[in-house]
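Trainee: Would you mind keeping the following structure in view while I ask a few things?
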Amino acid sequence: MGTGSVIDSAIESVIDTPELAVSAEKFPKWFVMTVMVLTGVVHLWFWNTILNLTVTVNGEYFPSHSRLSDVLATVFQACNIAAFLITNTIGALRPWLNTVAGVVYLVASVCLPLVLLMPETPRYYCWVVLVGVFGLVSGTQQVHHFAIASIYPTGHTTALVSAGQGVGGIVSYGLCMIMVQAAKLSPMNCVIIQMTLGFVWATCSIIGIALLSSQQSVQDSGERQRLEMEAYVAENGKPRIQDWIQWVPLVNTFYSFLSSYLVFPNIGPFKWPMRDDNQVNVVMGLSQLGQVLGRSVPNWSIFIVSLKTTSISNAVKTVLIPVFVVTAVNNNTVFNSYWFQCILLFILSFSEGYLGTLGLVHSAISGKDIYAKWKMATFSTGALVIGVGVGLWVSPLIQKAAKI
């Protein structure tokens, strides 16, 4: 049976097979769903905060570092990838990961406003280090939480975590715009407010995941898996990667994010001709809206299409890359019109959120047993962060080649 047929049959049954899933009888469905969405919000909350406030913070606190946003993006994604490699090596389902990563997250969040009180030179280096810490924590949390979601039977739990990431992005962006544009708050006050909210979200997430992980059925499932694996290894040796890996959903996840970050945000909208900052704010807001909608749609089974359809859609999405480049270099009336740019960016963001989440869901449900399910969830998270990182790092080469 091929990869596509394995996953498509799994889609039809969702994750209702008792021997492949843990029981969720201890907590109501709404609680599990809330915790999963909240964990997604936490993953990228401070990265979104720092990214959204970069222009405001740069002008007042980092006047000598005009390319700070590029440095921060590079550091954050490199640490995301490093966290994936480390967490995958030590084991993504280890319960102490939630506590350790959570505590580091809380301590780092408190340091955000404190760093801004330093003199400029140490402030710059400490700010970069702090972003690196958030990158490590974010990567660890994503791998750990997606692995937990992959073995939970409450619907498409993996899609809930992805939807939470989209919710965190749009809430963080909207809040930043209100504080900076409407309330005219200082960068320090903006950081303090975002820090407080992030601290609250993270605390609730840590407690929620700890409760879910502590229930007896999850512990029994983990113990059963450990004993089964020990018996299997004793008889057959360590499982080979080709015995459980499904490459197509991993490639779909990787390419969905790669194709977006090759052109966003470095080419569009930052290199697009726009009349004022308000237009940039609107299209960035549309991008966040497209993300949260795209990531949320797969939570309804009717919108989870087959693996083949997902692969074809990813291939079609490639067309958006040259369109983004042409919009930046061409003076055509249509390409440079504001309405066209809004529609284009929304389509890119929606397709990234939707197809990327489908890749995560297909990966999680493709496993034939619990071991395969959480290993695939771990690898799909790695495909996500590597896709984003490679896209951001290759984007300058596209700009240079196109003379943007």
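Placed from the backbone N, Cα and C atoms, the Cβ positions cover glycine too.
Found this in TrEMBL, in case it helps:
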type	residues	note
TRANSMEM	30-50	transmembrane segment
TRANSMEM	71-90	transmembrane segment
TRANSMEM	96-117	transmembrane segment
TRANSMEM	124-147	transmembrane segment
TRANSMEM	159-180	transmembrane segment
TRANSMEM	192-212	transmembrane segment
TRANSMEM	244-264	transmembrane segment
TRANSMEM	343-365	transmembrane segment
TRANSMEM	377-398	transmembrane segment
Trainee: Report, as numbers and ranges, every residue of the chain located at least six residues beyond the transmembrane segment (192-212) whose Cβ falls under 8 Å of a Cβ in that stretch; write 'none' if there are none.
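Mentor: Those are 27, 31-32, 34-35, 38-39, 41-42, 45-46, 49, 53, 95, 98-99, 102, 105-106, 109-110, 112-113, 145, 148, 152, 168, 172, 175-176, 179, 185, 218, in sequence order.
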Trainee: Which listed stretch (30-50, 96-117, 244-264, 343-365, 377-398) has the most C-beta pairs under 8 A with the transmembrane segment (159-180)?
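Mentor: Looking at each of 30-50, 96-117, 244-264, 343-365, 377-398 in turn, the most contacts to the transmembrane segment (159-180) are made by 30-50.
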Trainee: Spell out yes or no: are there three or more C-beta pairs under 8 angstroms between the transmembrane segment (244-264) and the transmembrane segment (377-398), with each pair 6 or more apart in sequence?
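Mentor: In this chain the transmembrane segment (244-264) contacts the transmembrane segment (377-398) - 3 or more Cβ pairs sit under 8 Å.
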Trainee: Assess whether the transmembrane segment (377-398) lies in contact with the transmembrane segment (71-90), where contact requires at least three Cβ pairs under 8 Å among residues 6 or more apart in sequence.
Mentor: yes
